[in-house]
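If you look up TrEMBL, you'll see B:7-250 marked as domain 'Thiazole synthase ThiG'. The feature active site, schiff-base intermediate with DXP is assigned by TrEMBL to B:LYS98. TrEMBL lists B:GLY159, B:ALA185, B:GLY186, B:ASN207, B:THR208 with the feature 1-deoxy-D-xylulose 5-phosphate binding site.
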Amino acid sequence: MSFSTLADAYQSFDFSACFHSVHASEVRNVLDRAGSQAPLDTRDLLTLLSPAAQDFLEPMAQIAKNLTCQHFGKTISLYAPMYISDFCCNHCTYCGFNANTRFPRTRLTLEQIDREARAIADTGIRHILILTGEAPKKTPLSYLEDMCRIMTRYFSSIALEIYPMTETEYRGLKQAGADSLTVYQEVYDKSIYKAVHPKGPKSDYTFRLLTPERGAAAGFRAVNIGPLFGLGDPASEAFMAGLHARYLEQTYPHVEISLSLPRMTRAGGAISPRHLLSDRQFVQTLLAWRLFMPRLGITLSTRESAAFRDQLIHLGVTRYSAGSRTDVGGYHVHTTGTTVQFEVTDTRSVNEVAAMIRHSGYQPVFKDWEIF
Amino acid sequence: MADTLTLGHRNFTSRLLTGTGKFASNEQIRPMLSASGSEIITVALRRVDLQASPQDNILTHIPDHVTLLPNTSGARTAEEAVRIARIAREAGCGDFIKIEVITDMQYLLPDNHETLKAAEILAKDDFIVLPYVMPDITISRQLYDAGAAAVMPLGSPIGSNRGLEMKPMIQRIIDTSRLPVIVDAGIGRPSQAAEAMEMGTDAVLVNTAIATARDPVQAGKAFSLAVTAGRMAYQAGMAGSSRRARASSPLTGFLQE
């Protein structure tokens, strides 16, 4: 069985009725068990994501803080994203790299990649996340393998957020030095998925859904997943992402599983969010995931504002991006006419983010892995 | 005769081993070591960045008199653990190595099979091998045969602060092991450290409970005192317990007069 079977089973599930049937007493019961560190099941996750649980954010936060401190200590890992190509053949209606959006496309040369990598490494960052659009002809496996080999000169962990590949292709990238994989399903609701991915290889829902499993099977040590909040109903999307993470944790026990909470921000040619995730819902989701999976990595990007990120540090986040540029060559190469995939809201430098983390009573960790 | 802990060719006065992970800042490590008297501290090689600024290089926060115990955190196989150990030695971290081979990210329980394979290779390579294992008398014997310097059974899962959930199994290891026994993982309170020492454990390793305490320095001191008290109690040969009363003045003592 793959996660596809499980995901299919929930396509006809009446999330709305389920969420609205939850009473405060059930939330209290789940919190009692979470506080005593009893394992929570999927029904408990639904309870924590329900409207009734919104009245319990403070006790949820207290438990989440304790669990996070216990499992991860007073530390926050830092990473930086690096865009190496914005060519894309997909037609995702929410993305600045959409094939229909007209702007001069860029793909960094290997020499430019080297310069970008050095600029990022000079900030102290040792964990890098490499991003591309989906354009296998422009960024074939061989190019990505060459890129990985360059990255190993500068970084101790190389994560990939690239187009979905086969298990064999992932093995090649692992061999070249990559150790982690990020892939967002964007939206778990099949009908919405179809509507927002009208053309291109990404329109294959199931191939994308099973990408984390191919990555785990290929030997990546860490897999990061998540929905793009703003496309589907936030609570049910958060539930499906949690379900997916739990499935991966149980099926691939050797892999570190993380979830991200990207909220849609503005990007060139993109649609507006259909379902806004409020700050309260954002926090509720983060807390529910932490209580559901105490050892889960939770990643927070610079899509969120500095002020908001400063508060979230106490609520269960384990990994922050810092000093991010979301345009190709944005750190050093500065190619002209590039576009961003999404707008960065927290524009602080790596040093400024690290100072904030220290000021909050946590240690910024620049290196927490080594490709031995 | 001094009551020392012997690991390989080295003797230690303190029986409290500490860790470097999870502190709010690396600057807390030095005063914690000073307060706790710990002479051995474990550090994950994956966290060591030799190119980092002194503030961010964890090794610069460990005093010279404290023995480094690099660990193989992140290793999923014996081969990876061996590679990490050799890199640690080349990086100047000494000959001690704590083998951690973990293939379960949910509970972080050690893989005894891969750990034993790594121990066999590294002991032959003249490392002082301290393997973190699931408590089991068979693995304890196998590690002795492999040339390990100690056996490190877990009290409960890493970071859980649940204390000696594996107490009966650890007791069996203590009763049968020819190696020093160091309880590693799960000890969340000084009283639990004292309990382990009272059982006859040779040392304990505490990280999370110290690093995440409100005052890690005070916590380090508290654990130090608890370990000392527990050790003294063990050496004193404390009396056993009983469900029934035992008269402190025997009622038939007069018959011996």
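Just so you know, glycine gets a Cβ as well, placed from its N, Cα and C.
Mean model confidence of the domain 'Thiazole synthase ThiG' (B:7-250) amounts to 93 (pLDDT, 0 to 100 scale). The two recorded residues B:ALA185 (1-deoxy-D-xylulose 5-phosphate binding site) and B:LYS98 (active site, schiff-base intermediate with DXP) have their Cα atoms spaced 13 Å from each other. Those residues of the chain, other than B:GLY159, B:ALA185, B:GLY186, B:ASN207, B:THR208, with a C-beta within 8 angstroms of the mean position of the 1-deoxy-D-xylulose 5-phosphate site C-beta atoms are B:GLY19, B:PRO157, B:ILE158, B:SER160, B:ASN161, B:ILE187, B:GLY188, B:VAL206, B:ALA209. Site extent for 1-deoxy-D-xylulose 5-phosphate: the farthest pair of Cα atoms among B:GLY159, B:ALA185, B:GLY186, B:ASN207, B:THR208 sits 9 Å apart. Look at B:THR208 (1-deoxy-D-xylulose 5-phosphate binding site): DSSP puts it in a helix. Across the structure, B:GLY159 (1-deoxy-D-xylulose 5-phosphate binding site) and B:LYS98 (active site, schiff-base intermediate with DXP) place their CA atoms 17 angstrom apart.
Filtering the recorded positions B:LYS98, B:GLY159, B:ALA185, B:GLY186, B:THR208 for a Cβ under 8 angstroms from any Cβ of chain A leaves B:GLY159, B:THR208, in order along the sequence. Its Cβ taken as reference, B:ALA185 (1-deoxy-D-xylulose 5-phosphate binding site) is surrounded by 27 other Cβ atoms within 10 Å in the chains shown.
In the three-state DSSP classification, B:LYS98 (active site, schiff-base intermediate with DXP) falls within a strand. If you take the Cα of B:ASN207 (1-deoxy-D-xylulose 5-phosphate binding site) and the Cα of B:LYS98 (active site, schiff-base intermediate with DXP), they are about 14 angstrom apart, rounded to a whole number. Within the same chain, residues at least 6 positions away in sequence whose Cβ sits under 8 Å from that of B:LYS98 (active site, schiff-base intermediate with DXP) are B:THR42, B:LEU69, B:PRO70, B:ASN71, B:THR72, B:LEU130, B:PRO131, B:TYR132, B:MET152, B:ASP184.
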